[in-house]
Structure formats: C-alpha cells, structure tokens
Amino acid sequence: MKAIIVLLMVVTSNADRICTGITSSNSPHVVKTATQGEVNVTGVIPLTTTPTKSHFANLKGTQTRGKLCPNCFNCTDLDVALGRPKCMGNTPSAKVSILHEVKPATSGCFPIMHDRTKIRQLPNLLRGYENIRLSTSNVINTETAPGGPYKVGTSGSCPNVANGNGFFNTMAWVIPKDNNKTAINPVTVEVPYICSEGEDQITVWGFHSDDKTQMERLYGDSNPQKFTSSANGVTTHYVSQIGGFPNQTEDEGLKQSGRIVVDYMVQKPGKTGTIVYQRGILLPQKVWCASGRSKVIKGSLPLIGEADCLHEKYGGLNKSKPYYTGEHAKAIGNCPIWVKTPLKLANGTKYRPPAKLLKERGFFGAIAGFLEGGWEGMIAGWHGYTSHGAHGVAVAADLKSTQEAINKITKNLNYLSELEVKNLQRLSGAMNELHDEILELDEKVDDLRADTISSQIELAVLLSNEGIINSEDEHLLALERKLKKMLGPSAVEIGNGCFETKHKCNQTCLDRIAAGTFNAGDFSLPTFDSLNITAASLNDDGLDNHTILLYYSTAASSLAVTLMIAIFIVYMVSRDNVSCSICL
C-alpha cells in the first residue's frame, strides 16, 4: 500500500526592503521654532536683508518732489515759499516729498528773525501737500487797507528779476504816506478765503521793525508795535523789537539795520482770518492754495533713478525681502518692515544624517533591520521612497507629497506677507493720525510701536517654522498609507515606515511606486508564497496509515513532555528550589 505524504516547504527569496522617508542634506541650515528652539533643516528662505546706504531716488510709480520749484535755480525752498522775486516758478504735484534741508535755509532776501516764529517750517508745511500753487490775485488790497493810505515799500536787499528793488510776492510792505506818518491804535483787517473749494489757504504775513530813528522816519512812531493773527481758532500775538540789530543781509543784496518777522496761518476752505496790527505791517498778498497729501521723508538731493522704497537712513532701496535688520527709521513706499533679528523660514525638512541600516537581535536571535536617518541623492523632492536589495540602493521622490509640503510653506509665506501688509497699514494709519503735526514738526518714529511689530513678526515666523517641521509626520504617515495600499499582499510591514517585499524592486519599480503606477504583476510577483508539493511512495511493509500516525504522535508527545520537564527543572534550579549534585 502506498501512502502519500505532503511536505510543505516555504520557498523563501532574497526580499527587498522599501521604506518611506525624507531627504538628507550635507549642508544643514538652522531655523528658530516656538517650542523646539533652533532646528537644523535641509533648506531655508531668508526673510531679512541688511541694507547699505545709497543715494535717494524717485519712488517707483509715484511723483516725487525734491525741491518745491525744480526750475528755480540758486533758490532755497524758503525762498520759493515766501515768493522771493527771483524764485518764482512752477511747483509740480507730488505724492512724496523729500525734506532735503536738514536745517531749513534762510531766504536770500531781507533779513528775517527766524527764531521768533515757525516760518522755517513753512516749506515743510507745503511739502506735506500733494498740490501747491501760488494764487494769481492778491488777498488784500493795500490801497484800501485800514490805517492807510499806504505806499508799498521795496528793498535793494531783495532784488527782482531786473535787479531792481523788490520784495516778497507773498507780502506787501506797506509804509504810511508822508501825510499819514503817525502812530495809530491797533486796526483789524479781514483776510478772505480766495482759493478754490477743497484747498487749504496758507496766508503769509509779517511785520518790520528797526531802530528808533528808522521807525520814526518810516512810520512816525518809534515805540514797539503790537500784532495779532487769528485763523481756525489759533491766535498768535507779537510785539516788535526796536533797534539793536547789526547791519546784515540774508544773501547778496544790501545790508539792513532792520528786521522782519514772518509768520503764516492756515485757513480751511471757506474760512476767513483776521490780522490786528499797528505800524510796520507786512500785509498778505499772494497766498498758497494747497490740497491733497504728500508723504514727507528726510533725505538728500539729487534724486537718482528709481527705487521701491525711500528710507531716511539708507536712501533708495529696492525691496528683495519682506523684512530688514539694521537701523530703524521712517520709510515710504514698498518697503520691508524692520525687525530686530534676522529671520529664516524653513524651506525643506528637518535635517537627518544619511540613513543607515540598523540591526537589532530579536526573539531567538533573529535579526530585524530598519532604516534610520535621511536619504542622499533624492534631488527631485523632499519626501519619497527608497529600496534596498541586490541592486543596491534606489531612491525616488514622491512629487505630490513634496508639492503639498511646498504648498504649506507657500501658505506660510503668504500669511507672513499679509501680516506685513497689515502692519504697514497700521503704521500708515498711525502716521496719518499725526499728519497735521508732521507738517509742522520733524517726524519722530515711534520706536515702541516698531519693537512691538517686530516681536509679532518674529513670533509668527517661529510658529510657521514649527508648523512646517511638525507637518513632516503627517506627510510621512500619508506616504506610508499610500505605499501600503499600492504594495498590497506583495509586501509585509516591518515597521518604521518600511515594508519587506516578496519580489525584487529596483529603480524602475521604485519610480513606478513614486508615480503611482506600480503593478505587482510587472515584477513577476505571485499572489502569495509558492508551495512545493512532493509525493513519496512507501513500500507496503504491513504498516497502515493509522499505525504510522500513532507512532508519530507518540514520539511527538514524548518529545513535548520531555521539553516541558526540562524547562521546569531549569526554572526550579534558577529559583533555588531544587539543588542538583553531580557525582563521579
């Protein structure tokens, strides 16, 4: 009788190992995070730059004003503002104005007592408007002005275009006629609004004083005179100073023993002003009509070329990064925001050294291998797959996963850009609130506000880096699920994102996995391990199947009992419950 014995023999193969993971880099960079401190990453996007000083320029896409009157040669802005005869010309519109006179220059005309009024701020006031023009008509008729009749005085120290005697076009130096040279009580003149609707009217006026002899000769009164101006609820009082002046002139012209005090008042649309005066008045004539706003920044001339940003300390800047370090100062245009320290955004993955196959001995001495670290050679992406086997090492990037990581970084960049815009708007709003003060006073930067914004931006970058680095686990987990689904029953999961395949997986195989086109059948893969069935013929020696099975089961049972007894004895000996002596 023949019996068939089925012997099951599992056919093993030299399996390859496929793992998910992240690229490695030999040149790690460092970024700061909110909770992990400094972290090495494979790439960064620098967010800050440190500018170098350059010349000032015209702001790109914006009308930029250097001098109030570009075609008025050898004239200061104060000359133009007061209407010096040789400094009359076109004053173009501008959205941005350069305060190029660190200390506003004097006027090349009659000597002015600058320290008694804010007249040096008049050019700054005009720079603060987008549109400025000098009226064609006079605001006050000198022939009918109270305290007259008058004749209009001129001076050799203020020559006109023909080099004859002249005076400022914004004022009329009214001197009583010979039959009217006598002291008068204060008289009042109304200053009407003559500009167009929507324009502010800047009215310039003043008074003249000299020594007693000249005061008596010119006005018939050598005593100090009183003057008052009032507009928009602002009232200013003056008393003239008599004598004590050395002969001098502002620039060129004839030296003078007298002085003039010049002031201005701003009249809002439709509002009138008043001036109360005695002898020596300089009555308003042509007025400035101004509208719109022009941002003012300290700088220097000439303006060369164009720039994205005008910065008080660095001049014209072209924006290459959203933030900058260095000196903090006022800036206008498409400018980076000041931050205290350099900032970098992670543009890659957390740095890992090149991967090594680590081996650990497990149960019954079996060796389990897994990868630790990052991969070298994956230049097409950040996340992907690697296989190890007889073919060596193959690496392939998963472009979709890499793109998702890049999208997250782009999202963070967009967020930081939005934060930049919001902070710029906040700064702009604060500057607008101070606009009226800025027109009259040199602007001071709010350093506390800048420090606060810098801290907010730095925190936002730290949190962004934290999110980018932490999202790696999400990408790897998604990659592992994708790989497991593609491999199906053709591989066994061995942990750490690795799978042991039941087939070879070279570079071609790995590329298809990365592309999502992997098909197990293309690599001669059976559905499961093959079984070899071997038939054995036994001679009929009187043993039937039942007898054979009985012998086998008896032997197996005896062996099992023997092993159990041996294990029990070893256990008891180890617990000192049984002693064993061997005698020879």
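Cβ from N, Cα, C; glycine included.
As the structure is a computational prediction, the values presented were derived from the model and not from experiment.
Between C109 and the candidates C69, C72, C75, C158, Swiss-Prot records the disulphide pairing with C158. N545 is the residue among N545, N577 that Swiss-Prot describes as N-linked glycosylation site. The disulfide entry in Swiss-Prot for C75 points, among C69, C87, to C87.
The candidate set comprises the glycosylation sites N180, N347. Of these, N347 has the most other Cβ atoms within 10 Å.
Comparing Cα positions, C75 (disulfide bond) lies closest to C158 out of the recorded positions C158, N180, N318, C505, C509. Across the structure, C109 (disulfide bond) and N506 (N-linked glycosylation site) are spaced 91 Å apart at their Cα atoms.
Nearest to C505 (disulfide bond) in space, judged by Cα atoms and limited to the recorded positions N40, C87, C158, N180, is N40. In terms of C-alpha distance, the listed recorded positions N40, C87, C158 place N40 closest to N506 (N-linked glycosylation site). Sequence-distant contacts of N74 (N-linked glycosylation site), defined by Cβ-Cβ distance under 8 angstroms and a gap of at least six in the same chain, are K86, G108. Looking at N318 (N-linked glycosylation site) and N347 (N-linked glycosylation site), their Cα atoms lie 24 Å from each other.
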